[in-house]
Amino acid sequence: MFANARAKRRSRASSPTPARLGGYAPLRVEITEEQRQDINEAFKLFDSDKDNAIDYHELRAAMRALGFNAEKSEVLKILRDFDKTGKGYLQMEDFVRVMTEKIVERDPLEEIKRAFELFDDDETGKISLRNLRRVAKELNENIDDQELEAMIEEFDLDQDGEINEQEFIAIMMDEA
């Protein structure tokens, strides 16, 4: 799982795809093809009536699906700024612009810390064998305990049998 995450990060970093942003003056920003697909899939998933436009509730749900906990005021501002019809809808191209900008603005360290919290569901501040087992099961990964223990051992710098947040950050930043 950790090795896959590092490999995935490397492949993302090495294969950016340009995206155009901004209201009337497009900016050139780099996102990966996978990120672009995630944005498109989120839009299509939450465009419940398939009219190529999403309303407030659909926009908020799509943003959450992409990992953004948007407040009501932020969602309303996006609709005000990008709704060309004045009917409270966001077109797909504008959704792609907004989400691309938000993805580019993400703080990688905050994203890693959020990922750590997903592993550390018991809030101990560490990723245990039990935590890894649960995540592997949720991801439908068939990894036996011996392999999971080897993963912990490889990255457990303080040799306490678990991965703490700093060790996890080092793994994800490729410093381990």
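Note: Cβ is positioned from N, Cα and C throughout, glycine not excepted.
Within the set 1-21, 22-42, 148-168, the record from Swiss-Prot flags 1-21 under the feature region 'Disordered'. Other Cβ atoms within 10 Å of the Cβ of Asp160 (Ca(2+) 2 binding site), summed over all protein chains shown, number 11. For the Ca(2+) 2 site, the Cβ centre of Asp156, Asp158, Asp160, Glu162, Glu167 serves as reference, and the other residues of the chain with Cβ at most 8 Å from it are Lys126, Ile152, Phe155, Leu157, Gln159, Gly161, Ile163, Asn164.
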